[in-house]
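Student: Okay, handing you the structure first.
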Amino acid sequence: SQNNAKVAVLGASGGIGQPLSLLLKNSPLVSKLSLYDIAHTPGVAADLSHIETKAAVKGFMGPEQLPECLKGCDVVVIPAGVPRKPGMTRDDLFNTNASIVATLTTACAKHCPEAMICIISNPVNSTIPITSEVFKKQGVYNPKKIFGVTTLDIVRANTFVAELKGLDPARVTVPVIGGHAGKTIIPLISQCTPKVDFPQDQLVKLTGRIQEAGTEVVQAKAGAGSATLSMAYAGARFVFSLLEAMNGKQGVVECSFVKSEETESPYFSTPLLLGKNGIEKNLGIGKITPFEEKMVAEAMAELKASIKKGEDFAKNFK
């Protein structure tokens, strides 16, 4: 394996960007780390550059430095944007974050069209369709390389199930399908390994907690931000999986919100087999319970509306 990937973080000075950059700097899979933001990046880069790991860190600030930041990148992670405040839905972030994502992904399409693009900026259900449309406009669209990072939903599901069952969370795997907001987040507890059982009332409560876990953090932080540390962990986990698969590791599976033909929704998160070129194979939904089927059916209208909102925005974006 040739552990010499160049990874860029766009939005590297922010609440997710800083801890995410720290985790990436700490990984032997990364040899070059490019950090971009509209402010403070030289300081973040200087700070991280003192860490005794091999990744060479460079900071880039402002739109004129973005092309150089992206040149030769293998993976680009985008946590840029504004976080949620109490009372806000992920959709309330749309207007600000949609423009940010469209601008940054346009630069990616121009300067590193072959890179894997991992979008963290919310609302993911809309920012992934925006990214696809931007890449189409530039004539470099490859649906196998554009990922909506929903890993935090899986991380939370694993943690909450483990807590309830007294298991080691590192050994629990719950696939989470659908989208990345409210009721579009569909944890498949029936497919958990190891196998777990919950009475229906507990299952309903657990599912609701996984779906609203982001809001739990927003409220606990009382106006000081949203899930940044757990999101940075989840974002790094996804990037490491991707890099390992690109290095030739077999059997790497992660859920992600991607272009999909698994349901009537044009984008949908399911377990994906990752490989050298991104998505090797969509593993689909598999066998699910009537309770889970009902959740999938109920998520469709919201998913399609969020996707259309993203696509319409991208078509009019100059």
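Using the three backbone atoms N, Cα and C, a Cβ is placed for every residue, glycine included.
This is the feature table in TrEMBL:
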- His180: active site, proton acceptor (ACT_SITE)
- Gly11, Ala12, Ser13, Gly14, Gly15, Ile16, Gly17, Asp37, Asn97, Ile120, Ser121, Asn122, Met231: NAD(+) binding site (BINDING)
- Arg84, Arg90, Asn122, Arg156: substrate binding site (BINDING)
- 6-148: domain 'Lactate/malate dehydrogenase N-terminal' (DOMAIN)
- 150-313: domain 'Lactate/malate dehydrogenase C-terminal' (DOMAIN)
Student: Between Arg90 (substrate binding site) and His180 (active site, proton acceptor), how far is it from one CA atom to the other, in Å?
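Tutor: Checking the Cα atoms of Arg90 (substrate binding site) and His180 (active site, proton acceptor) gives a distance of 9 Å.
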Student: How many other Cβ atoms sit within 10 Å of the Cβ of the residue listed as 'active site, proton acceptor'?
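Tutor: I get 27 for this one.
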Student: If you draw a 10 Å sphere around the Cβ of Gly17 (NAD(+) binding site), how many other Cβ atoms fall inside it, taking every protein chain shown into account?
Tutor: 27
Student: I need the CA-to-CA distance for Gly17 (NAD(+) binding site) versus Asn122 (substrate binding site), whole Å please.
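Tutor: Asn122 (substrate binding site) has its Cα 14 Å from the Cα of Gly17 (NAD(+) binding site).
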Student: Hey, what's the Cβ neighbour count for Arg90 (substrate binding site) at 10 Å?
Tutor: 24
Student: Go through Arg84, Arg156, our binding-site residues, and report the one whose Cβ sees the most other Cβ atoms within 10 Å.
Tutor: Arg156
Student: Including all protein chains displayed, how many Cβ atoms other than that of Gly15 (NAD(+) binding site) lie within 10 Å of its Cβ?
Tutor: 20
Student: Once the chains shown are all counted, how many other Cβ atoms turn up within 10 Å of the Cβ of Ser13 (NAD(+) binding site)?
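Tutor: I get 22 for this one.
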Student: With the substrate site defined by Arg84, Arg90, Asn122, Arg156, which remaining residues of that chain have Cβ atoms positioned within 8 Å of the Cβ centroid?
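Tutor: So the extra residues in range turn out to be Pro123, His180, Ala181, Gly214, Thr215, Val218, Ser226, Ala227.
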Student: Just to verify a number: CA distance, Arg84 (substrate binding site) to Ser121 (NAD(+) binding site), in angstrom, no decimals.
Tutor: 11
Student: Considering Cα atoms only, can you say which of Asn122, Arg156, His180 is the nearest neighbour of Gly15 (NAD(+) binding site) among these recorded positions?
Tutor: Asn122
Student: Using C-alpha atoms, which one of the recorded positions Gly11, His180, Met231 comes nearest to Arg156 (substrate binding site)?
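Tutor: In terms of Cα distance, Arg156 (substrate binding site) lies closest to Met231.
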Student: How far apart, in angstrom, are the most distant Cα atoms among the NAD(+)-binding residues Gly11, Ala12, Ser13, Gly14, Gly15, Ile16, Gly17, Asp37, Asn97, Ile120, Ser121, Asn122, Met231?
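Tutor: The two farthest binding residues have Cα atoms 18 Å apart.
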